């Protein structure tokens, strides 16, 4: 264990996906840190599956994790979409092309498998303390002091809250705002879900995904390596419940929700009830969502779910957490390089780093939240534009689907001070080609629109001329008939 009185550049509160990602980034770039985790281990068995997409995997590849992750996963390749009557709306294999076209697949992995993979890569194990929750945070002009529930006191230049939706660091930040807030002011629960895992089930193969568009209750699922099925049953609460009042559910309530969709068709040869019969995990929770109002103080900042909590329907929660870590580290590294070698960052520079990070991540976080809400509303067939838009996307060709997907990934950040792998460069090439193709399509669409407008104006002009001639003819019947102008007309 590191000496308790040692000063660090960064204290990380939280040892989940975001916290461990930060630790690995700091080790890669020689940034001193200390990580505090409230549970008794970093290798938690809580939660079910985690979706990893190209934007997150590109960063994990920079950290040397992707090969290990791919050994434990299988890419998603086939996607079935059904309506509430069991009619197949779409079956697409566009996702199966991600690996070859953009360098990384979309894959699902058990949380209890992903975290151990990541934790094995931590070298400075003496800088990690479990069973240590943040009890208090005190900021001064030149450092921040973090005290844990077991009495440990540490100082650092910055404390980063990677401590989830009920973040102690965010609570500290909220208390320092000009108008203090609580999480209830921006995080709520609008639906519940049973997250589950099932043993391999006949009728759904590894690499297949399903989604059902159904009012009030619906189900989505993914298959991972060895046929393990990860699934979510969603229920619309038809109201927004503040975080502090988020409902807690029993096993009986979880079972009741799952049985309500047991008859639902999820693949051509399978109904959800068969998957549920093989379940090994089935836990019902309220699904929190929201973006924090304040992301930082002078020496405290938040990343991951502490800053932006989205629903599982969007499939970007872990990936957005990884992105936020990369942006924070990029800002910190830029400040370090700009300062004189070996000099501690001044208070003003630290403030600038945190403010710049928060400013850059605020809009992507809001966009991620809006997209996850849109997908959730569409899955539950909530009337409105979201349902129409998502269902229209199901009609896209593979080419158009990939173009839109790659455009959505085109602005994703990565670690600027760590070399990209060959796959990372392929990612960049793919999004540049997507940008060029989108620009070409927009240019063509503009030219077509301009041509149509020109043609419309010409047609209107001709019609106006014809109407004018008809009017003249009615006023001068002799002239109209003979072409002779009457004297005095």
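Going from the start of the chain as shown, residues are counted 1 onward.
The backbone N, Cα and C atoms fix where each Cβ goes, glycine too.
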Next on the checklist: If I go by Swiss-Prot, which of 292, 313, 318 binds FAD at the same site as 37, 51, 111, 305?
Outcome noted: 318
Checklist entry - Can you check which of 7-26, 67-86 Swiss-Prot lists as transmembrane segment? => result 7-26
Checklist outcome for this item: For residue 318 (FAD binding site) and residue 213 (active site), the CA-to-CA distance in whole Å is 24
Next on the checklist: Roughly how many Å lie between the Cα atoms of residue 37 (FAD binding site) and residue 213 (active site), rounded to a whole value?
Outcome noted: 39
Item to check | Residues satisfying Cβ distance under 8 Å from residue 213 (active site), sequence separation of at least 6 | outcome: 81, 82, 83, 84, 89, 378, 379, 381, 387, 391
Item to check | Helix, strand and coil counts within the compositional bias 'Basic and acidic residues' (448-469) (DSSP) | outcome: 22 helix, 0 strand, 0 coil
Checklist entry - How many other Cβ atoms are found within 10 Å of the Cβ atom of residue 318 (FAD binding site), counting all protein chains shown? => result 23
Checklist outcome for this item: If you count the other CB atoms within 10 A of the CB of residue 305 (FAD binding site), including all protein chains displayed, you should get 28
Next on the checklist: Cβ atoms within 10 Å, counted per site: which of 37, 51, 111 has the most, among these binding-site residues?
Outcome noted: 37
